[in-house]
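**Student:** To start, I am sharing the structure in question, which I have written as structure tokens.
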């Protein structure tokens, strides 16, 4: 993994920030913020989408055990529908960073846009492949959101949330047509809105 050069205090209290769940039709957007310990590097950190479930689970445990600070933030379905998915994602990331203790001196955020934060923040395209702290955040966020979607699958059976995690797969779209929308669905997303309009 290429790492971006940092120096001084920022390298110690640098938060990596990422979110998961912008594209799904159901469930919250979950963000994570992580401050890694530079004296305890964690091998194998990379974009969560490129890791097996078993490897993500193992790294999730190691990150939580070795990081200086970790925090999760979320934006609920009602907030996504009220704000829009971009603003809800920014809100989830702000909440994740606000939960860090100690507070970061700098934040590096995956993507092309960073939320307004109480510390300097820089957006980094493909940051989850370039910055270990962002990769760590992507792993924690994905693990947390996947667990939430498995719980929603038990609460709302028949949609297959445990398999597609709310993304608009053929299975999910068919279930929407057959069962209609459940409270976990994002009403502002076109496929759900079409279903509600009949």
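Using N, Cα and C of the backbone, Cβ positions are placed for all residues, glycine too.
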**Student:** Figure out which of 101, 110, 129 sits with 18, 19 in the divalent metal cation site per Swiss-Prot.
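**Tutor:** Candidate in the recorded divalent metal cation site: 110.
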**Student:** Around the Cβ of residue 18 (divalent metal cation binding site), how many other Cβ atoms lie within 10 Å? Please give the count over every shown protein chain.
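**Tutor:** A 10 Å sphere around the Cβ of residue 18 (divalent metal cation binding site) contains 30 other Cβ atoms.
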**Student:** Using the Cβ centroid of 18, 19, 110 as the reference point for the divalent metal cation site, which residues of the same chain not in that list have Cβ within 8 Å?
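**Tutor:** For the divalent metal cation site the neighbour list reads 17, 20, 31, 32, 93, 109, 111, 127, 128, 134, 137, 138, 141.
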**Student:** Can you give me the same-chain residues 6 or more apart in sequence from residue 110 (divalent metal cation binding site) with a CB-CB distance under 8 Å?
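**Tutor:** Residues satisfying the criterion: 16, 17, 18, 19, 123, 124, 126, 127, 128, 134, 137, 138.
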